[in-house]
Protein chains: 2
Amino acid sequence: MAPSATTANHVEFDTNKSKVKSLQLDGNEDHDLVLRSFRVLIADVVQQFNGGHPGGAMGMAAIGVALWAYTMRYSPEHPDWFNRDRFVLSNGHTCLFQYTFLHLAGYKHMTMNQLKTYHSASEESLCPGHPEIEHTGIEVTTGPLGQGIANAVGLAMATKNLAATYNKPGYDVVSNTTWCMTGDACLQEGVGLEAISLAGHWKLNNLVLIFDNNNVTCDGSADIAVSEDINAKMAASGWNVIEIMDGSHDIQGIVAALKSAKESTDKPTFINCHTIIGVGSAVAGDAKAHGAAFGQEDVDNIHKINGFKAEDKFNVPEKVYNFFKTQGPSRGANLVQEWEDLKKDYCAEHSKLGLEFQARVKGKLPNNWEDFIPKDLPTSATATRKSAGLICNPLAQNIPNFMVGTADLSPSVYMAWPDKVDFQSPDLITVCGINGNYSGRYIHYGIREHAMAAIANGLAAFNPGTIVPVTSSFFMFYLYAAPGIRMGALQELQAIHIATHDSIGTGEDGPTHQPIEIAALYRAMPNLLYIRPSDSEETAGAFTVALKAKHNATIISTSRQNLPQNKESRRDAVKYGAYVLREKEDATVTIIGVGAEMCFAIEAAEQLAQDRVSARIVSFPCQRLFEQQTREYRRSTLQSNKTVAVVVEAYAANGWERYANASISMKTFGKSLPGKVAYEYFGFNGKVIAGKIQAYLEDLKQERIWKSEFVEL
Amino acid sequence: MAPSATTANHVEFDTNKSKVKSLQLDGNEDHDLVLRSFRVLIADVVQQFNGGHPGGAMGMAAIGVALWAYTMRYSPEHPDWFNRDRFVLSNGHTCLFQYTFLHLAGYKHMTMNQLKTYHSASEESLCPGHPEIEHTGIEVTTGPLGQGIANAVGLAMATKNLAATYNKPGYDVVSNTTWCMTGDACLQEGVGLEAISLAGHWKLNNLVLIFDNNNVTCDGSADIAVSEDINAKMAASGWNVIEIMDGSHDIQGIVAALKSAKESTDKPTFINCHTIIGVGSAVAGDAKAHGAAFGQEDVDNIHKINGFKAEDKFNVPEKVYNFFKTQGPSRGANLVQEWEDLKKDYCAEHSKLGLEFQARVKGKLPNNWEDFIPKDLPTSATATRKSAGLICNPLAQNIPNFMVGTADLSPSVYMAWPDKVDFQSPDLITVCGINGNYSGRYIHYGIREHAMAAIANGLAAFNPGTIVPVTSSFFMFYLYAAPGIRMGALQELQAIHIATHDSIGTGEDGPTHQPIEIAALYRAMPNLLYIRPSDSEETAGAFTVALKAKHNATIISTSRQNLPQNKESRRDAVKYGAYVLREKEDATVTIIGVGAEMCFAIEAAEQLAQDRVSARIVSFPCQRLFEQQTREYRRSTLQSNKTVAVVVEAYAANGWERYANASISMKTFGKSLPGKVAYEYFGFNGKVIAGKIQAYLEDLKQERIWKSEFVEL
């Protein structure tokens, strides 16, 4: 990768160095000792369990010193301080880097014994194989590559938005910086590239992305799979670019770069740090240093060349701890007090805004948030995507916690409210006259669904509840977003995803846009509420559930086409996952209706009634919520001992077998036809369904099929 | 977007033009008539059904004329000619563009009546809402944005690989070019960016990407969500960049650019064509021109300003047809004959290679391909990822159809065979001494799983069977690849995906890497065989199934950890999806064992036997294959009327309810612990499982739980 952009700091980089066994430090004695101790410790920890990722952490040590000792604003005593700098390790497999710096910087929980639990069988380890948000000092869970960059973009946006909303002259109550480490991989992954493009567009000058450019991936030299000029590419994407030629040693150079990044630009900054993976080991600069222990012989040698005895395991000299005590942490404690004082004065001078700000800091919605959910929704046939807009718009308009965005489907998702202001760099107004600035809460993500989901996770992770991100797209493209949705669910981050065009009712766009199997993924995903309301009332219920679910991500799955409003529909019952929509004491059949296909379930029941078959109807918007109900409730809802249940949904049947004996469902991909015609084509028609159910009942009676055998009718 | 790179053709571009109602043509009378007729026809077709995407097709008309009349090598009479140029419409929603040029260029099936079926209720329409591979003249199905670029990269790679393998001096039997259209969206999507990076790296100079730069997306001006210098970004990514300032009119300039792209560079070429969406309509240059009909009044006006009467619907003057007859198609017919003659001479002079080439053209594997699947596999405990390597390596080594790749996990996936040659630009040898050239069949995709899957689709789509792409990564990252896997399944393209680390046995990497819910997606996906073998023999069976499944994509899901070889295991039974591994006439319980957790199923059965509970065991590697068996076979395998079935799998249970009454499965995400410890932690242990099954049997007996109620034990 040829250097080609602004370089703040040039130390001649000798490519032959990538194989050197001895270390070239920056002349500062403290630095020398810290780096040596850090690298030896990493080698020891990984060797102990004979597994893990040592090379990256060792190569990045100088960057860590520059961050934790000289640059980042944080307090180990107040790890959740609201205005702390956020650090994201997008190359999460190098987690020992972060754990060890948390230890050195004085985070109490991160003891030497904890470090030793890395890769161990300890169920109580705070040092899992990738950083996990549950643990103190970790801002987001990372590991799936590229997403950390997008999380960092979300965190930086949160700062920008809160600062633009609450800061007043003399009162920068929100002013933190987001620092993100990346390896080669995150810069290859599409989600990383999408997020980079957005950060440049939004001119997030409070975001610094530090590239651990060791030019090594699992397969060997990164040159095997990438030939681009990364500096030029980042510059073309709207980033300020700084290059550090000896990033494994040049702490002073890195500190200068980090400070310049923070102070002197209106763009996000990319610091291209050339490093040596596994520096000091026998496999320095080689892929072998990436994901395995070095072996005892080499670890002994690493000790030796770093001035430690081979038998000195897990030995961090007191001087190293002292170095950090006299640098970062002491500054950190002061910072928190200064901020608390500032906040106090701010609240005194700006009392109304101060109250709101304090609520945001606590992550609270206004007490009356439920009042903003409309009581009266259309009683005429309405697409649930429109209902979702009617419900979400007043919430977003009135509740500052809401940040609502779309992956370029504003005209289809109805998420824009009157007089919305876009989240944009104020400069953009000169380009296209848009009504936007950083206080805006409507986000145009462009056509970047995966980054949208991962950025939403960053927004939610800034501080629990401070921001409630809402995303929107076609349900099909939540498959593009799936890895981000999964990470949100795993982290128990509250986010609401509005997914429209959720069945073959999507119509003419055809099978590429008709998501007949995507729900199976989300219904199986822990902590994720996939809610498919059948009309406006249930859509309102879905929003209430989603806003009360502080530890869940929710997908509200809506229709493109108009759906009739069912008079028995109950918004308050959505929280049970399923409920009896229409009871019949003498029923032999339970028809389970779901979402946009509820209308066919009702038609079929009415047709069956004409044919003297008594059918009851259950509305079933959310499997996961239903599973949380008592056995008693589930039995009384399904009546599976008294009736045969048939589910009606234009999806693959997978998963419905738990509740139904048979399905009217999709066995193939869909087809490009107008929505109504597509439904007809695939047999979604009350009369056809009723006929199939009657034939099925006859098959059961004749014992051609057993009730225990699930069948797709 | 400021122009910044090499520009082959500059016509002064007046930004005010984006709103002009009249057309500025290039002075050529034929061109003038063709463009006018084309645009009027598009407006008519979309107006007829009052829906669809007219604006893009109208704006791109000049590009279409340059391609179909002057540049592309094809023959309408031989639409499947092996050496034809490939055209990919990555912005698939503009499909009317392609359908209409197929019509004008003389593809017999694409009649005017067919064009009129666009967006209609016709089940036999050849003009669905997005291009579909089933239909003549369509190379790949597109619509989900960004993927078309990756498909085009795969198609161009196929050409490079076949040319390097078969061409001889004087005999360029494979020499086609791949042309790909893209809009703004595909250049925002991560998968597009991943593919662009790879095309630059591989120096695919037979690939031309044409950017319909109308600067409009659904949300309005593209400037709302993108600020980058696209030309500089593409140049930094290793592309040759040409800019056309008036791409809606300047046919001559576009032709010059296309020809120069084909002839004068060692890089792929990006042609940045500034166009006007909906040119000539009242909403020209506006997002409103994107996805809706113009309304009759405007359509009448479009007729008028283009010199047609308002009442002249679907009127293409004979001169327009003649223009195409005297340009492209006539050249096309000659080309096919020339190629057939060349091939004949080639086969005469290079008889051995000629035979092989002819087999490849027919898409045939060698007749003896099954012989390359090893008969003897390890009888000791072996990870199925290693077994997959032992099976795939000799296939790949001996069968030229195989192109095997990995998303940077060569050390983990075991897909590299001895003396493999990498697919690389021969220039790369000078950078990192890699053993690679275009005839290589091992592909380093880098950390780009989504592009990997979509590129594999392109490789498979080149010609059915000519290339059998194999991809490999961790199963978790097939969630990143999911949209590409889906498109492969939808298109019935044969591809084999090797997904290792497929359960919590993955261990220390933790829940971010433990795919406990991803199988639910793939088991629900039509045309996709998700096969989870429990040992080496079943892995061999999985490969046989995958290679015989000419119209399916297959995921072979393998373990990181060693698995015992089961003596009753049957490779030939994998094709049934499930089979009885261990029968017991007096069984009360059927334990369904799956993949890496089969060992726990067997342990549990043995424990139960000690406790005098008779349990039979079913191995169940593939649900979709089992569903294809007769009811008789399914009943005899499951014995659900005689036994209670419990499935043992460390995944979410969703979908198993069809075959089992209860599960030993995952209710949450996993945990970072060594693999064996993780299994213990979540109760995967023969003794624990046996105890749970006994308690369950007691619950059934006491009628605390009904057999019809699926329970997660």
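Heads up, residue numbers simply count up from 1 along the chain you see.
Just so it is clear, glycine is given a Cβ too, placed from its N, Cα and C backbone atoms.
For A:H53 (site 'Important for catalytic activity'), the same-chain residues lying six or more positions away in sequence with a CB closer than 8 A to its CB are A:V46, A:H93, A:T94, A:C95, A:L96, A:H290, A:G291. What TrEMBL lists as site 'Important for catalytic activity' is A:H53 (among others).
Around A:G143 (thiamine diphosphate binding site), the C-beta neighbours below 8 angstroms that are at least 6 residues distant in the chain are A:G92, A:H93, A:G129, A:H130, A:P131. The thiamine diphosphate binding site feature in TrEMBL is assigned to A:H93, A:G143, A:P144, A:L145, A:N214, A:H290, A:F477.
As annotated by TrEMBL, Mg(2+) binding site applies to A:D184, A:N214, A:V216. Taken residue by residue with DSSP, A:N214 (thiamine diphosphate binding site) is part of neither helix nor strand, so it is coil.
Taken from TrEMBL, the feature site 'Important for catalytic activity' covers A:H290 (among others).
According to TrEMBL, the feature active site, proton donor maps to A:E449. Around A:E449 (active site, proton donor), taking its Cβ as the centre, 35 other Cβ atoms fall within 10 Å, counting all chains. DSSP assigns A:E449 (active site, proton donor) to a helix.
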Are any of the binding-site residues A:G143, A:P144, A:N214, A:F477 near chain B, where near means a Cβ under 8 Å from a Cβ there, and if so which?
A:G143, A:P144, A:F477
Taking Cα-Cα distance, which of the recorded positions A:P144, A:N214, A:E449, A:F477 are within 10 Å of A:D184 (Mg(2+) binding site)?
A:N214
Under DSSP, is A:H53 (site 'Important for catalytic activity') part of a helix or a strand, or is it coil?
coil
Just to verify a number: CA distance, A:N214 (thiamine diphosphate binding site) to A:E449 (active site, proton donor), in angstrom, no decimals.
30
What is the Cβ neighbour count of A:F477 (thiamine diphosphate binding site) at a 10 Å cut-off, with all protein chains included?
25
Rounded to the nearest angstrom, how far is the Cα of A:F477 (thiamine diphosphate binding site) from the Cα of A:V216 (Mg(2+) binding site)?
32
List the residues in the vicinity of the Mg(2+) site, defined as same-chain residues other than A:D184, A:N214, A:V216 with C-beta within 8 angstroms of the site's C-beta centre.
A:G56, A:G183, A:D212, A:N213, A:N215, A:T217, A:A222, A:T275, A:I277, A:H290
How many Å separate the Cα atoms of A:P144 (thiamine diphosphate binding site) and A:E449 (active site, proton donor)?
16
Inter-residue C-alpha distance, A:F477 (thiamine diphosphate binding site) and A:E449 (active site, proton donor) (nearest angstrom):
7
Restricting to the chain of A:L145 (thiamine diphosphate binding site) and a gap of 6 or more, list residues whose Cβ falls under 8 Å of its Cβ, or answer none.
A:S90, A:N91, A:G183, A:A185, A:C186, A:Q188, A:E189, A:G192
Enter the number of other CB atoms within 10 angstroms of the CB of A:N214 (thiamine diphosphate binding site).
30
Can you see whether DSSP assigns A:H290 (thiamine diphosphate binding site) to helix, strand or coil?
coil
Cα-Cα distance maximum in Å, computed over every pair in A:H93, A:G143, A:P144, A:L145, A:N214, A:H290, A:F477 that the record assigns to thiamine diphosphate:
34
